[in-house]
Every structure is written in structure tokens, then in C-alpha cells.
């Protein structure tokens, strides 16, 4: 009974002093020893009692975050590839510096143009001293499909009548697209003249016909063909460029009423009636191509809207305006601008025309003799890995045998091994043996016979395999 009462007293003590340190005394194990007595006091006296301040939590040293590298990558220049984006690994680029990849790898030459998309500048590569046109598009002016132009270039195989794409990267919230440097646009070339002569007009028609046919054969639509997007080299070879509104027929529906991006960005001067309503197809490209040839061949005024817009699409054009064009080309343009899209000829059908076929044969012969630097030389990538391995030119086109054809023909001679040299002799003091051995030469000395040890001799003698 006494033990039960003692346990109850201990329990009461623990309950009353649950916030205090309680321990058993060494001298009297059954007696409780506390640091202070339990007493009733006022709030004033309680406030005067000094309490031990809580321990200070020392700040721990921050450990290296596993996401720190990912945060650094956001500020680094990233090259765009068909599978995503990667950090640029060029030796010309140092991520530790605040300068952009453009400042590291290029020298700025001049501004080529500005627009609602951004700007285009001419720059010279510091490693190759080649000139390029670099298109800069700020992120604030990019739409949802912000990489449409870059991926459009990647999906198009190289062609001599399409502006060549080299690479694209993102840096400092700006999309950069590195392109082939051309001389000027077709619109700038025609500025200040009435119209193109028949020979030049046919060359423009044939060059763009081949480039547009290459696009359509790869299931791509340009959607913005006009003289401003047709570029000329110094040798007057026309190339199709500016793929800001390009679309893939394999991944996007042809008849899509949600083509608001095209309806807002497309130029109404060169759009067909069905394209304005949102129906994009190869026939809408054919219409834009035909009306562009009409403009540079006749110097006709193309309104973006108004009373003159509809008569042109109905081919209600005065004869005196069409007079500078040849009859064959005029008939082709009329077919290309037919109000019924399905009645317009395709690029392959235009190439089968007997007049076009003959002129195309002559044009190809002319272009073959024109030195095209971008056509035959491999693409100069500034990064460690190519974003498009399939776009690189084949090594079979590189003529590497020129270095060996001019070399002097000699028969190599390999000297025989000399076993007569001692370890301490200098091998450079010994001449190589001649081709014709000399009699009684030290090179013909036979090796001295070495008799085997006696134990081995006795072993062979027992087996009758050794003759002395």
C-alpha cells in the first residue's frame, strides 16, 4: 500500500512539474531533486524572473543545389535542334562573360532591315571571315509557334534556289537565325525601274519555280511569296526565303479556319481569295507566285484592299498594262491566278510545259557555270555539334586527291633489322644496309652456334632426339 502511495506522489509531482527537469538524486534514489521549487507568484514577479533565452539557430551553410546548373543554363546561349535546344559549345563562346554569343562569334557589319518581327543584320564570322545575314526576333514579338521559321528551315533540304539555313540559337531572350547572305531582294532590285526585261523575268520565274517546287515536294507551304521574300545573289540567281509563315502539310490541316496568324501577318496584296478566308494550300502559293511575277513584269499597282483588289483577281486588267510581258509568260500567269484554286497548275505541271521545259534546260546550263559558294561548300557551323547532320554535304564532293597527284613518286625502302648491334652502340652511327648485299659483309655473318645445357643434352640423348 505504501508503494502505491509513493508512486501516486511521484505522478503528481511529474504532472505539476512537467515543464521542469526532474531527476533522481544519487544519495537518495527515492527522493526527487529539482532545480527550483514550485511556488505561486504574481504576473509581475513572474515577469521579473529572468528566463534563459532560447538557443540561437545557426544558419546552415547552403549546399550546392542540383538545380543550380539548370538555372545557369537559362542565361546561356542555346542552339535550336530538331529535338530541342542544347547549350552552345563553341570555343568562341564563354558563358562566364556577360556578352552574347553573337558578340563572341560575329562582327557586326550593318543593318539590313527592320520590321514588326525584329531586325536583320549583316555580320562576319570571326573564325571563317564569311558574311551572313542574321535575323533577330525578340521574345516579346514571338507568337505561340515562336520557332516556326527555325524548324521550317530545318525541315527543308538544301536547294540552290532556297536561301540556305546555317543555324539558330536563343540568347538574351532573342531568337537568332543565321542565313545565307544575299545581295538584295527582288523588290529592291526592281525599285527605280519600270519592269524587268523578258530575259530577266524568265530567269526569276524559272528560279522561283524550282525553289517552290522543292518546297511542295517536301510537303511544305511558304504562305508568304512576294518580291520582298525573293532574294538575288550577285550573280542574279533568285532564291526563296523568309519562312516566317511556313507550314507543314503533314502535321497541319490544309483547310484550317484558325489560321489567324496568317490572316494577320500575310500581305493582302499577294493573297488569293481563299487564303484570306483561311484556306491554305499549294494553290494559294501558286497564286502568290503568279501575282508576284505579274507585278515585277508589268509594274502594276497591287492594292491591299479596295476597289482595285477584286478586278485583278478576276483578270480584268487593261491590255496596255500586260504589254511588257511575253505572250507565253502572260498565259502562264493567267492560269496561276485563276479564281478556282483547283484549276491552277502545280509546279510539276508548269515544268512540263514545252516552253518552260526548254527555257529551264537553258537556265540550268547557265547556272552550272556560275560559281556558287554556298552550293558546293559545306555549312560552317560554329558549334561543336551540327544541328542537322543530314544537311551536311557528302564527303564525296570534296576533292582531296589534288594533294597527292602533284607529289613526287618514290619507291619506299624499308631497312632490314640489324641484330649485330650491342646495347651500348648508337643506332644512328650504323648505316642502313644497301639494296644489293656485299659479299663478306658483316650483315651476312651467321649467328654463332650455341650448344644446349648438359641436362638438356642428356635428356635428348636418352630419347635419341639429339645428335652431337
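Yeah, the Cβs are placed from backbone N, Cα and C, and that goes for glycine too.
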Based on Swiss-Prot, name the residue from 130, 131, 135 that is recorded for the same ATP site as 112, 113, 114, 115, 116, 117, 118, 119, 120.
135
Tell me which of 396-424, 425-453 corresponds to the region 'Disordered' entry in Swiss-Prot.
425-453
Could you check which of 25-63, 64-102 is flagged in Swiss-Prot as region 'Disordered'?
25-63
116, 229 as binding-site residues, winner by CB count within 10 A
229
Could you state the whole-number distance in Å separating the C-alpha atoms of residue 242 (Mg(2+) binding site) and residue 224 (active site, proton acceptor)?
8
Residues close to ATP site centre defined by 112, 113, 114, 115, 116, 117, 118, 119, 120, 135, Cβ within 8 Å
136, 137
Most distant Cα pair in Å, residues 112, 113, 114, 115, 116, 117, 118, 119, 120, 135 binding ATP:
14
